[in-house]
């Protein structure tokens, strides 16, 4: 049976008829005090992993290959297509704030996940249907009509609503199934975070390989239909866990089931994390946006053949991005942390250190991308005179690997920062605040692309008529300045935290220092 943190205030504190078997500040699906032996644990936590896997399968399966659909089928210019993708992703993460607010204030995480997962499934099904209707696509060589674009936007933003609504609740719901006051369950909660991010990466991996292949070689309607059906199946499994497990609390606590739900855990002085020094990660997510837009366009112009007859789908190059994330996390968890524990007695990097490493890796990624694009353009120019052959797509590998490794550090550092610094009743909203930095990064990408296109000739209608390498160098320079600002703010925050570790006021000092970043 699933377990959930309560939202309203009550005097119940875990005592009473259930004795020590009751989980403080948690209820079961009936609103009764949660019985530790009958609720929560790995079975309940695992229910949400399928939802998260299918959400990543749908969102990333659409996003990483959407730019090729927009340029090839809808005939949009390169920069305009990139902005459609980044606006879609930015909206998805911005709506996490709405999902977090509804979950913490009205619906609870369980119902919020179920409702918005269904919304996403409906949006994906409509997108699948729209790709089948020929009247919703422009004829060859013509621009799309306003009606054709409006239908596409309705489908995309319905998916964005579903993604945003459930995204901020899934990690919090999973951790609700473990009581952080119990040593054994607290250790299991740490394992849940690792497995949760593994399922995020697994869903993305399936999206950029299997799903992209289906889109390119079978049909987009089939691929999107598979996503919708998979989400419906995940919802069914998720809802099946409502009454799974042993019966509810003993009869002595049943009389309490009609009372209002209890308040959130944590002291009254607990504060949700502010925008903090992690706000400087916005530029990282702008760089991330280039990996699923312009980098995919680069891949479409390069030699993607492997062996005698197989051609890699352009969007599948992001497999190196996902692989870098998974490899970085594996090496960090299995090699670096044990070594660090032996040599220094520490548990690895702090949250702020992880974020700084991720920002540094993104700078190297943009430098590698600029050098690669300069080489690709030179080959493209030579190819027009018949003096060259197409360049291998694997030249793009370094930029995917470096930015992917950077995401592994930044995502885990930010998520841990926001989750651990928030009271239980604000956990979902705090996750929404974290995901808002991703949203702002995607929106800033759209703004920056529009500004650069208007002020320079760097971004033309096609990338072969652009100087994308200059745009990448601009991002690298901005990232250097951003990293310098982050280091100043992070040092300020660390100093404030160390000045009076035994005083209650230190929490305010840290938050105020973080806020300036």
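Including glycine, each Cβ sits where the backbone N, Cα and C put it.
Among the features that TrEMBL reports, region 'Disordered' is placed at 245-275.
Residues or ranges marked as transmembrane segment in TrEMBL: 80-103 (among others).
What TrEMBL lists as transmembrane segment is 110-130 (among others).
Cβ atoms under 8 Å from those of the transmembrane segment (150-170) belong to residues 48, 51-52, 55, 58-59, 62, 74, 84, 88, 91-100, 102-103, 109, 112-113, 115-124, 126-127, 130, 136, 144, 196, 428-429, 431-432, 435 of the same chain, restricted to positions at least 6 beyond its ends. The feature transmembrane segment is assigned by TrEMBL to 150-170 (among others).
The transmembrane segment annotation in TrEMBL covers 191-215 (among others). Here the transmembrane segment (191-215) has Cβ contacts under 8 Å with residues 45, 49, 52-61, 64-65, 170-171, 174-175, 177-178, 222-223, 226-227, 313, 315-316, 318-319, 321-323, 325-326, 329, 333, 411-412, 415-416 of the same chain, all six or more residues outside its ends.
Annotation source TrEMBL lists transmembrane segment at 221-239 (among others).
If you look up TrEMBL, you'll see 308-332 (among others) marked as transmembrane segment.
Annotation comment: TrEMBL describes 352-371 (among others) as transmembrane segment.
Among the features that TrEMBL reports, transmembrane segment is placed at 391-411 (among others).
Taken from TrEMBL, the feature transmembrane segment applies to 432-451 (among others).
For 471-489 (among others), the entry in TrEMBL reads transmembrane segment.
Scored on C-beta pairs under 8 angstroms, the neighbour of the transmembrane segment (80-103) with the top count among 308-332, 352-371, 391-411, 432-451, 471-489 is 432-451.
A contact between the transmembrane segment (352-371) and the transmembrane segment (308-332) is absent, since fewer than 3 of their C-beta pairs, 6 or more residues apart, lie under 8 Å. Residues of the same chain lying 6 or more positions beyond the ends of the transmembrane segment (308-332) and with a Cβ under 8 Å from any Cβ of it are 64-65, 68, 194, 197-198, 201, 204-205, 208-209, 212-213, 215-217, 291-292, 295-297, 299-300, 348, 393, 396-397, 400-405, 407-409, 412. Annotation: stretch 221-239 has the most Cβ pairs under 8 Å to the transmembrane segment (110-130), among 221-239, 391-411, 432-451, 471-489. With a threshold of 8 Å between CB atoms, the same-chain residues lying at least 6 positions outside the transmembrane segment (391-411) that come near it are 197, 281, 284, 287-288, 291, 295, 298-299, 302-304, 312, 314, 317-318, 320-329, 332, 349, 354-355, 357-362, 364-366, 368-369, 372, 375-376, 379.
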